[in-house]
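S.K.: Quick paste of what TrEMBL says about this protein:
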- 20, 53, 71, 81, 82, 157, 190, 208, 209, 218, 219: substrate binding site (BINDING)
- 80: active site, proton donor (ACT_SITE)
- 80: active site (ACT_SITE)
- 217: active site, proton acceptor (ACT_SITE)
Ligand SMILES: N[C@@H](CCC[C@H](N)C(=O)O)C(=O)O
């Protein structure tokens, strides 16, 4: 017997989509419930496991499963595109299927495995009205009264998209938190800086609400593709390069489809003593 094996505790799976990394916990199994404090402690990259988001699987009577998303700061989000694709990939592997329906706070989402192994999720229609995004007051979501005149789009979570000439020149870790907490966003916001390249692809960098700079953001890529299309800069289907790699986004009649790779990194068990010390 491995003498380092924990006796019992909370099991989890570590996954990532383009370096946007996740701890996946199956709350249908016995074990401690996820709370804001547990999410925050688990998200600590030094004292916990570390993640951008924690995806909590729960039972659903409307779909194959339900997912709830926790940010590293212990707050909940209505959507997480990359975690949805990652969990879909793992569950499809386990069930031997190529399609899955996943209930989220933003609705029931369809996930599919493509022939090349990439996973697609239909994130549903974007929210374009100021109250649904939500914004604090009635302003034009495509021309916000903020520096740089960014656009706001909801994908089950709020996004503030800035079109810039050089996305790599932006001091994301300085500007990101200021916009995340701007009073125009009553639920705070994710913050995107996007550059439209000569070949029609997009270069995107994201400051995530509740997580900071991440290597990729699925809902951010969807919101950005919607915004650049509405602004007349791109067709409805576009390739987006983030720091962690590429996502294909396609805004169709039935919703915004997002396609990209996923990776299963490892499975683990939290030591009971760690859980007790954290409580
Ligand atoms: N990484 C995500 C978005 C996660 C949630 C976000 N930080 C929020 O609070 O809305 C994605 O892939 O969509």
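Backbone N, Cα and C atoms are what each Cβ position is placed from, and that goes for glycine too.
If you look at the structure here, what lies around each of the features I listed?
M.R.: Less than 8 angstroms from the CB of residue 71 (substrate binding site) sit 39, 43, 52, 53, 77, 208, 209, 210, 211, each of them six or more residues away in the same chain. The secondary structure of residue 71 (substrate binding site), as reduced to three states from DSSP, is extended strand.
Taking all protein chains in view, 32 other C-beta atoms sit within 10 angstroms of the C-beta of residue 80 (active site, proton donor).
Neighbour density for residue 217 (active site, proton acceptor): within 10 A of its CB lie 36 other CB atoms from the protein chains shown. Secondary structure at residue 217 (active site, proton acceptor), taken from DSSP and collapsed to helix, strand or coil, is coil.
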S.K.: Report the residues of the chain - excluding 20, 53, 71, 81, 82, 157, 190, 208, 209, 218, 219 - with C-beta within 8 Å of the mean position of the site's C-beta atoms, for the recorded substrate site, in sequence order.
M.R.: 52, 69, 77, 79, 80, 83, 206, 211, 214, 217, 220
S.K.: Distance between residue 20 (substrate binding site) and residue 217 (active site, proton acceptor) at the Cα atoms, whole Å?
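M.R.: About 7 Å separates the two Cα atoms.
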S.K.: Can you give me the Cα-Cα distance between residue 190 (substrate binding site) and residue 217 (active site, proton acceptor) in Å, rounded to a whole number?
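M.R.: One finds 9 Å between the Cα atoms of these residues.
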